[in-house]
Amino acid sequence: MNIVGLPALVGTYDNYIWVIHNSENAWIVDPGESQQVLDYLNQHNLQLQAILITHQHFDHIDGIADLHNAYPNAQVFGPAKSTHPSIQIKCKENDVITLADELQLKVLETPGHTLDHIAFYNDSVLFCGDTLFTAGCGRILGGTAQQFSDSILKLRQLPDELKFFSAHEYTLSNLGFAAIAEPENAALKQRIATTEIHYPSNHTGAQSTLGEEKATNPFLRFDTPHLKKSLLERGAEDSAESLFATLRAWKDEYDRNH
Ligand SMILES: [Zn+2]
């Protein structure tokens, strides 16, 4: 299987629509737009088999209708908790969806960014939507800090080798904040020194690995000693919920000023 990220809503939301494909068939994740997907499928002579949705924000679903018109047999998988009418197959925690003999994905419920948010993963890949980004995480837009920290701790238990695919290209801005949050992190310094982003070119392969995120993404590290100390100094209590909420608020403040 090949995986390619097609940029979408470039310059405003900077999304990726992930296309998983072999030589004949394709499955896509979070189509916030449709034209670039239709073009890619046509250019590569691919048949769209299914559309996977992590949550029902418009920048993840607005392409569904056009794609479904062009490929009426493509099934739409999405969160059981979503109310969006285009979702045909409702996915909940621990569901296993078989997209092809060589492509099965499991479902994790990861509320926090929204209440309905889910992630898809297997032994080699993780599609985490707007729960985690490269070196960052989504904002709290419907869920609670308690849910969000629980979801992140759940994702942190998955294996390091998983290839990491999130729904946006925010790496450079996230690394800017990460460097402020964790100035002593050597793995983060290394990542900052070696990261090159070519958005809005198509992105071939994964953005990173879950292991790299665990080593450098502050939102997977709010309970590590240095960062925890900084968060306690910023008023956090010693709980995952409060540490996460304090870190998220710190990033929101950073975003307002950059
Ligand atoms: Zn979202």
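Including glycine, each Cβ sits where the backbone N, Cα and C put it.
Automatic, uncurated: that is what TrEMBL annotation is.
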Need a hand: TrEMBL gives D59, H60, D130 for Zn(2+) 2, which of H21, H168, H198 is also on that list? H168
Starting from the Zn(2+) 1 binding annotation in TrEMBL that includes H55, H57, D130, which of H44, H84, H113 is the extra site residue? H113
Using the recorded Zn(2+) 1 site (H55, H57, H113, D130) as reference, state which further residues of the same chain have their Cβ within 8 Å of the centre of those residues' Cβ atoms, listed in sequence order. T54, Q56, H60, T114, H117, G129, T131, G138, L141, A167
Listed binding-site residues (H113, H168), ranked by Cβ neighbours within 10 Å, top entry: H113
If one looks at the chain holding H60 (Zn(2+) 2 binding site), which residues at least 6 apart in sequence have a CB under 8 angstroms from its CB? N15, D30, P31, G32, I53, T54, G129, D130, A167
Tell me which residues of the chain lie with their Cβ under 8 angstroms from that of H57 (Zn(2+) 1 binding site), as long as they are six or more apart in sequence? T114, D130, L141
